[in-house]
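K.L.:
Before anything else, here's the structure in question.
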Amino acid sequence: MKELEIYILAGGKSSRMGSDKGLVKITGKPMIQYLIESIGTLPYPLRIIAHDPAYRQFDLKVIEDTIPEKGPLGGLLTALTNAKGNNVCLLSCDMPFLKTETLNALITQSRENYITVSRLKDRTLPFPGVYPESLISAVEEHVVNDKLKLQSFIQEKPHQFFALDERHKLSPIEFININTPTDIAQAATWLKKNH
Ligand SMILES: Nc1nc2c(ncn2[C@@H]2O[C@H](COP(=O)(O)OP(=O)(O)OP(=O)(O)O)[C@@H](O)[C@H]2O)c(=O)[nH]1
């Protein structure tokens, strides 16, 4: 039977941050650790896809990309290859404040053979997203041929959008990407005010 495995992508270039962004600290804690501490409470295997061995400090399995430097779509290929027939949920290390309840609601709405992603202000967000195992050969074909735009890949394949229940309170910071040192400073200010 197909199950779900969660993979945090942390294998990008971090050119805007200037150093490996998942490991950059926000008020003393590596960005990715916020995500691990919340999402790690869900009953699914949790793994990191990264090339920096420093990610081993979090006591999770760290996997290197099957084909390096292919961006998030390459990360998806790595996740699907490792999941060996299971569906995968992809998270991004630069979205550290995603809440367990929000991700759980998205996972609950996922459907067999469909990609389930969010839509915010007319933009499709590839993370958090659930990607079915049936996509593996299509993903491989895209990666091998350097068709690396994950957004376009999603548009081409059967997909649905996660609908937030009106009872669910989405915190304004949950879907925020932290890409630059300025973003780190703003997130730290937000955390100090709200926690
Ligand atoms: N495993 C893996 N993850 C990646 C790869 N490229 C990007 N990611 C991850 O995908 C998410 C979104 O990445 P981006 O912010 O678009 O790219 P980035 O290279 O990390 O950062 P910039 O160089 O500043 O654009 C982040 O969690 C990255 O760590 C890759 O080649 N492999």
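Every residue, even glycine, has its Cβ placed from backbone N, Cα and C.
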K.L.:
Of Asp59, Asp65, which does TrEMBL put in the GTP site with Leu9, Ala10, Gly11, Lys21, Asp94?
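P.N.:
That GTP site, as TrEMBL gives it, pairs Leu9, Ala10, Gly11, Lys21, Asp94 with Asp65.
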K.L.:
With DSSP as the yardstick, break the domain 'MobA-like NTP transferase' (7-156) down into helix, strand and coil residue counts.
P.N.:
60 helix, 35 strand, 55 coil
K.L.:
Around the C-beta of Leu9 (GTP binding site), how many further C-beta atoms are within 10 angstroms, looking at every protein chain?
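P.N.:
So the number of other Cβ atoms within 10 Å of Leu9 (GTP binding site) is 25.
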K.L.:
Can you check how the pLDDT averages out over the domain 'MobA-like NTP transferase' (7-156)?
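P.N.:
Across the residues of the domain 'MobA-like NTP transferase' (7-156) the model's pLDDT averages 96 on the 0 to 100 scale.
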K.L.:
Between Asp65, Asp94, which of the binding-site residues has its C-beta surrounded by the fewest other C-beta atoms within 10 Å?
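P.N.:
Relative to the other binding-site residues in Asp65, Asp94, Asp65 has the fewest Cβ atoms within 10 Å.
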